[in-house]
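OK, Swiss-Prot features for this one:
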{"type": "BINDING", "residues": "128-132, 191, 236, 292, 320-325, 335", "note": "ATP binding site"}
{"type": "DOMAIN", "residues": "11-98", "note": "domain 'Phosphagen kinase N-terminal'"}
{"type": "DOMAIN", "residues": "125-367", "note": "domain 'Phosphagen kinase C-terminal'"}
{"type": "MOD_RES", "residues": "164", "note": "phosphoserine"}
{"type": "MOD_RES", "residues": "166", "note": "phosphothreonine"}
{"type": "MOD_RES", "residues": "178", "note": "phosphoserine"}
{"type": "MOD_RES", "residues": "180", "note": "phosphothreonine"}
{"type": "MOD_RES", "residues": "199", "note": "phosphoserine"}
{"type": "MOD_RES", "residues": "313", "note": "phosphothreonine"}
{"type": "MOD_RES", "residues": "322", "note": "phosphothreonine"}
{"type": "MOD_RES", "residues": "372", "note": "phosphoserine"}
């Protein structure tokens with residue numbers, strides 16, 4: 001949290017219009033939703049742990065946005081933020097999640113057997129498969145707001161829980177502060193570890209305070225099941241492997257995640273969840289499943305096709321560069337994943353990835369032979 005609450009009380013000496021941020025050059029969801037009226041109504045409110053409206057919006061004020069990417073521009077500081085500041089969060093959620101209304105209910109389905117196919121994506125094109133989500137532990141504030149003691153308590157709880165996993169999930173925790181620069185960089189390059197906190201979104205929201213205190217990575221012995229501790233969320237759970245067997249990646253994801261949830265519940269610390277928002281996370285873009293199922297796929301021809309963007313939109317998929325968000329594609333390899341998080345289930349979201357990527361690989365093969373793909377362009381899903 002950038003400011004203490006005494007500072008927030010002090011700001012109330014000024015009129016709302018004197019404190020209202022200049023958002024004229026901004027392109028993010030928060031800037032679109034925050035009117036002077038909403039600012040006036042919410043600015044003296046705070047959550048039980050003391051998170052304020054100015055804390056919610058600071059990252060979006062400091063980062064006007066990207067000309068092509070619509071960022072969210074706000075964060076939650078605790079579970080109650082979404083309720084206390086709902087006049088701002090509701091329109092942002094509706095805008096970001098395809099019209100998801102304040103009365104809508106989210107659905108969860110972590111039964112991996114409900115996924116159809118997914119074990120036959122062509123490994124000549126699909127280089128790796130990955131599914132991730134975030135989880136927040138009830139009773140603690142979120143990374144933009146938590147204190148050092150709280151963050152360390154989350155780490156301690158997480159280590160105890162993860163160290164009790166057995167079988168294919170047996171593994172070890174590696175705290176960031178005891179890693180050498182080289183070890184850290186190697187893990188980042190292998191896509192196992194989160195980047196150092198250089199992202200302005202992380203910095204402006206206060207998530208990088210005290211770095212690297214109480215941050216770390218836990219992974220199983222095969223490095224196919226990983227948990228990041230105390231980055232943007234309390235926990236980021238990741239299942240990944242080389243090749244195109246998304247079915248196996250999703251099975252491991254569901255089984256491991258449910259084991260972890262069970263252990264936390266038994267310890268009296270369930271994950272934050274409600275039937276409207278699903279799993280409650282720091283960034284509103286991750287509400288719902290928090291799930292991003294993605295593959296690294298080689299699309300040398302399709303990526304140059306004039307309808308590439310339209311095909312992705314119709315399949316409800318999004319593309320990122322090879323190194324993740326805000327990076328370029330190297331050697332025509334794209335990171336393709338589900339665009340939706342809220343209002344549909346985990347199984348449905350991964351199904352869209354499996355079916356969509358399969359179709360795109362078929363299109364790529366046709367284009368290689370110089371054939372047209374016009375008859376393969378899908379309808380809007």
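Sequential numbering from 1, following the chain as shown.
Including glycine, each Cβ sits where the backbone N, Cα and C put it.
What you see is a predicted model, and the numbers here were worked out from it, not measured in a lab.
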Let me know the model's mean pLDDT on the domain 'Phosphagen kinase C-terminal' (125-367).
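Across the domain 'Phosphagen kinase C-terminal' (125-367), the average pLDDT comes out at 94.
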Tell me the Cα distance separating residue 199 (phosphoserine) from residue 236 (ATP binding site), rounded to the nearest angstrom.
17
Residue 335 (ATP binding site): which of the modified residues 164, 166, 178, 180, 199 is the nearest Cα neighbour?
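In terms of Cα distance, residue 335 (ATP binding site) lies closest to 199.
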How many whole Å apart are the CA atoms of residue 313 (phosphothreonine) and residue 166 (phosphothreonine)?
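About 40 Å separates the two Cα atoms.
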Can you grab the distance from residue 128 (ATP binding site) over to residue 178 (phosphoserine)? Cα atoms, rounded to a whole Å.
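Taking the Cα atoms only, residue 128 (ATP binding site) lies 29 Å from residue 178 (phosphoserine).
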Three-state secondary structure of residue 199 (phosphoserine) from DSSP?
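SS state of residue 199 (phosphoserine) = coil.
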What Cα-Cα separation, expressed in whole Å, is found between residue 320 (ATP binding site) and residue 199 (phosphoserine)?
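For residue 320 (ATP binding site) versus residue 199 (phosphoserine), the Cα atoms are 16 Å apart.
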Between the Cα atoms of residue 180 (phosphothreonine) and residue 164 (phosphoserine), what distance do you get, rounded to the nearest Å?
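One finds 26 Å between the Cα atoms of these residues.
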So for residue 335 (ATP binding site), how many other CB atoms are inside 10 Å of its CB?
22
Long-range same-chain neighbours of residue 164 (phosphoserine), Cβ under 8 Å, sequence gap at least 6?
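In sequence order, 263 meet the Cβ cut-off.
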Count the Cβ atoms, other than its own, that fall within 10 Å of the Cβ of residue 166 (phosphothreonine), considering every protein chain shown.
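So the number of other Cβ atoms within 10 Å of residue 166 (phosphothreonine) is 8.
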Quick one: of 178, 199, 372, which modified residues lie within 10 angstroms of residue 132 (ATP binding site), measuring between C-alpha atoms? Sequence order, please.
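Candidates kept after distance check: none.
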Are there any residues in the same chain, six or more apart in sequence, whose C-beta is under 8 angstroms from the C-beta of residue 130 (ATP binding site), and if so which?
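For residue 130 (ATP binding site), the qualifying residues are 191, 238, 239, 240, 249, 293, 294, 295.
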May I ask which of the modified residues 166, 178, 372 is closest to residue 199 (phosphoserine) if we compare their C-alpha atoms?
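Considering only the listed modified residues, the nearest one is 178.
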